[in-house]
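Novice: From Swiss-Prot, here are the annotated features:
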type	residues	note
ACT_SITE	H55	active site, charge relay system
ACT_SITE	S123	active site, charge relay system
ACT_SITE	H142	active site, charge relay system
COMPBIAS	452-462	compositional bias 'Basic and acidic residues'
COMPBIAS	471-480	compositional bias 'Basic and acidic residues'
REGION	336-355	region 'Interaction with pAP'
REGION	421-483	region 'Disordered'
Amino acid sequence: MDAYTVDGNAVSLPIYVAGYIALYDMGDGGELTLTRETVAAALPPASRLPINIDHRNGCVVGEVLSIVDDARGPFFLGIINCPQLGAVLATAAGPDFFGELSEGLSEQERLLYLVSNYLPSASLSSRRLGPDEEPDETLFAHVSLCVIGRRVGTIVTYDATPENAVAPFKRLSPSSREELLITAREAQSRLGDAATWHLSEDTLTRVLLSTAVNNMLLRNRWNLVARRRREAGIEGHTYLQASASFGITNGCNKADFCGAELVDTCGYKSGEKVHGAPYSRVTLGAKAFTSSSPNALPSSDNDKGGIGERTQKHISAMASSNPQTLSAAGAPLVSGDYILVPAAQYNQLVVGQHTSHPPINAGPAPVTHAVPSQYIPPAYNSLMPPSMYQAPPYWSVPHSANLEAQITALVGALAADRKATKGSDPHVIQGSQCSPPLSPQQERRYARKRRHDWDATTRDDLEGIYYPGERSPRPGERRAGRPSTTIADLMGAVSSLQQEVSQLRAIQTVTAQPQAAPAGLYKPIPAVPPQYSQYQYIQPQHAVSAIVAPQLPGIPSQPTQAVLAPQVPAGEAPGSAKVVAASTAPQQAEQARAAPQQFEAVTSAAVLPVTQPQASSQTVDASASTGLEFGRDDADIFVSQMMSAR
């Protein structure tokens, strides 16, 4: 239902939801683009905006209290009070979902954990404008809770109070935050504290199930959620936990704030102020450390987990035996401090470290590294005795490299941090019982090594099709389709026909080329009578090629007869040539009259329709491109043509 109802007997569990419904200039294209002018024209909305689930108009669970136009994008704050929502989610959750906190959590806190991890995003529904229509106060239709919103940065936070719901958004301007809270209090006073939105459990169950089904194929859901959280600037949200294993706390105590990425310095949960910490406080194990100074080191309690032991072991291993080599100002360093050495300057530092020592070949080699006399080449003519033979540089005694030892310890500490922060490692999970968040020093340190995944990839890569168990497709890569047998057969037939046509054209070209021999080159054989000697050499230019028509099945092929013109032998009288020409003229005329009749008969036979097989009603008719056999064989036709031509 769209309107709220007041029911004093219902179990009221009001919670508040807040977040950006869009971000300006973040790559949203098409109809998803919201400009500052459009949002300014649409605010304030003409009517109250409902909050539903998965854009279902019949599944309204709350209402938007306030929307402000922040510098980064429109930001909303709403209230959710649907008793059936908490009941359905609590029934669906397993007994181990809340872990050790199951005994001490209230019903409202259970609802916050469930809805935060099931519906972490919001989606704004706006009215589609016409070609010449301008936006107005009726542009916004409703706000929907969903798994992943299509717009950038549309991750929401849920909490028990409006102030706590807005607190994790660190990039929200103070003026927008104050205006949002004031407007929300006024709207809530008009609604009343007992405002609830009732739904049937069957309807709510179907909607929640459809939300899960429609997002089953979403690739890297929690990676995408984490990316959207960074885009929205959320820090310190307790209830949204992308845990790699089952359970909210993953074996940690409630006081550890396990799962909170960054806790605000003012401690919006406890109200305690951490002095001297201008940025944030990060939990590690059971003890929080501040990032007030860039040289401050994170301290950990070694009794609370394996992460503190490994971190303390690697940090203590980096203590320098020669602190003066690391101090630029000459002041001694505190035990346990370390520095980051860029890879580009590593070689220069190593060379500078070696130049402070005497040259390797300044004196004779030590006795332990002297080369025995039997290993010296016999033809070696040295100006000094064999005992004074200088050893190569790599045979000298290695000196102590304090800088290299410290860099090695630093690399070991970085490797241990990466292993400790990798939540998917079962050994780390068993040893530490929870995966602590990254400190600001660690974030800056990792940022120098590589870019974040959400910066290196585009949004289109995350929204593409993927297949479980296979590698993710690269940008611009397309899955190759299965080759069609019919298309392959057709391509083979076309290639064969092209080859046949090329061969036929080559034969005609060779036959049509004139090849004349010099007069008197070929003389008649003496054993042959003179009247037959004219056939010993036939010049190709006097041969008439017969037209070879395609032979169809059922039509007998007739041998091709070439009409040969007689050749006049060299030295013979012109009168005899006239007699031979006169005797062959009637034969040429008779064959010339017979050739058109034969060609017309073959041509008329070629245009006769080929009988097609009748389709049977009991079988499935294949398409014409499948290449079914119709009683003709192209190979036989080709062979008959070639044999008749020969």
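Using N, Cα and C of the backbone, Cβ positions are placed for all residues, glycine too.
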Novice: Who sits close to S123 (active site, charge relay system): which same-chain residues at least 6 apart have their Cβ under 8 Å from its Cβ?
Specialist: I21, H55, V143, S144, L145, C146, G149, R150, R151, T154
Novice: Which ones in the same chain are close to H142 (active site, charge relay system), with CB under 8 Å and 6+ residues apart in sequence?
Specialist: L49, P50, I51, N52, H55, N57, S125
Novice: Taking the Cβ of H55 (active site, charge relay system) as the centre, how many other Cβ atoms fall within a 10 Å radius?
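Specialist: H55 (active site, charge relay system) is surrounded by 15 other Cβ atoms within 10 Å.
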Novice: Between 0 and 100, where does the mean pLDDT of the region 'Interaction with pAP' (336-355) sit?
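Specialist: Average per-residue pLDDT within the region 'Interaction with pAP' (336-355): 69.
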Novice: Hey, does DSSP put H55 (active site, charge relay system) in a helix, a strand, or just coil?
Specialist: coil
Novice: By the DSSP assignment reduced to helix, strand and coil, which category contains H142 (active site, charge relay system)?
Specialist: strand
